[in-house]
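Scroll down for the structure; my scribbles are underneath it.
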Amino acid sequence: MKYIIANFKMNATQELINHFLNNLTLFDEQKIIIGLAPGDLYLKTFVNLAEIKKVNLYAQNPSLHNKGPYTGQISCLQLLDINIKNALVGHSEIRIDFSQSIIDQKIKISMDLLEQVIICVGETFDAYKQNKSLNFVLNQLANIINYKGLKKIIIAYEPIWAIGTDLELDFKHINYMIEGIKTYLYNCTGINIPILYGGSVNDNNINELCNQKLIDGFLIGNASLDVNVFNKIIDKCK
């Protein structure tokens with residue numbers, strides 16, 4: 001099974017999402033799972049069309065609270081109220097503003113209430129240069145092994161220094177990191193948790209990425225905004 005998840009970040013419009021969903025290439029649901037994080041504003045609008053198109057919708061940043069005086073936040077209970085059952089949690093662009101403790105609380109409540117949670121992890125450029133990448137990422141995962149709902153999670157490994165850049169991918173490093181994460185999680189939980197790769201995934205490098213057998217799928221940012229490019233990525237993963 002391959003997971004191919006589009007993260008529109010804060011780039012979506014109704015027109016863009018509608019065009020994306022209505023122009024997706026055909027795919028085998030038994031082999032590929034397609035997901036879209038369009039921006040929480042648009043989740044309710046497109047929940048029915050996404051279901052018809054067999055696309056899983058994801059919230060981008062659920063609150064650590066269920067309800068209360070938290071202006072501007074969206075809780076997991078509110079997501080469930082509009083039939084949204086999945087979320088991304090801990091993306092590097094979110095981690096800039098929140099401590100690891102807050103991210104862990106977001107992860108825990110999402111795992112408690114939602115059906116699927118994609119937990120984003122990734123090291124800084126300094127950690128990469130100092131050969132501390134794996135320790136950096138495992139520290140981000142240290143607490144989740146004690147949470148309930150581990151079979152609900154997917155890990156998206158996105159080296160921070162590779163997101164939104166044209167840097168050449170270091171495939172040796174990617175394999176080292178994904179193998180290290182998989183081994184750590186299996187040793188701690190006994191569960192084979194899927195690991196996705198994110199970080200400047202596009203139609204130019206997808207061939208080589210698909211050849212990396214440890215990768216269970218992809219979290220795709222900018223390249224997903226063009227449905228034709230996204231379709232090429234799907235086709236390569238078939």
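A Cβ is built for glycine as well, from the same backbone N, Cα and C atoms used for every other residue.
These numbers come from a predicted model, not from an experiment.
Feature annotations, reproduced from Swiss-Prot:
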ACT_SITE  His91  active site, electrophile
ACT_SITE  Glu158  active site, proton acceptor
BINDING   Asn7, Phe8, Lys9, Gly164, Ser200  substrate binding site
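Distribution of Swiss-Prot features across the structure.
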| residue | record | DSSP class |
| --- | --- | --- |
| Asn7 | substrate binding site | strand |
| His91 | active site, electrophile | coil |
| Glu158 | active site, proton acceptor | coil |
| Gly164 | substrate binding site | coil |
| Ser200 | substrate binding site | coil |
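For Asn7 (substrate binding site), the same-chain residues that are 6 or more apart in sequence and have a Cβ closer than 8 Å to its Cβ are Ala37, Tyr58, Gln60, Leu88, His91, Gly198, Leu219, Ile220, Gly221, Ser224. Calculated from their C-alpha atoms, the gap between Phe8 (substrate binding site) and the residue listed as 'active site, proton acceptor' amounts to 15 Å. Note: the substrate site is recorded as Asn7, Phe8, Lys9, Gly164, Ser200; in the same chain, Asn11, Ile163, Ile220, Gly221, Asn222, Ala223, Ser224, Leu225 also have Cβ atoms within 8 Å of that site's Cβ centroid. Residue pair Ser200 (substrate binding site) / Glu158 (active site, proton acceptor) shows a Cα separation of 9 Å.
In this entry, substrate is bound by Asn7, Phe8, Lys9, Gly164, Ser200, whose most widely separated C-alpha atoms sit 14 angstrom apart. Around Gly164 (substrate binding site), a 10 Å sphere centred on its CB holds 12 further CB atoms from the protein chains shown. Across the structure, Gly164 (substrate binding site) and Glu158 (active site, proton acceptor) are spaced 11 Å apart at their Cα atoms. Each of the recorded positions Lys9, His91 was scored by the other Cβ atoms within 10 Å of its Cβ; the lowest score goes to Lys9. Counting every protein chain shown, the number of other Cβ atoms lying within 10 Å of the Cβ of the residue listed as 'active site, proton acceptor' is 26.
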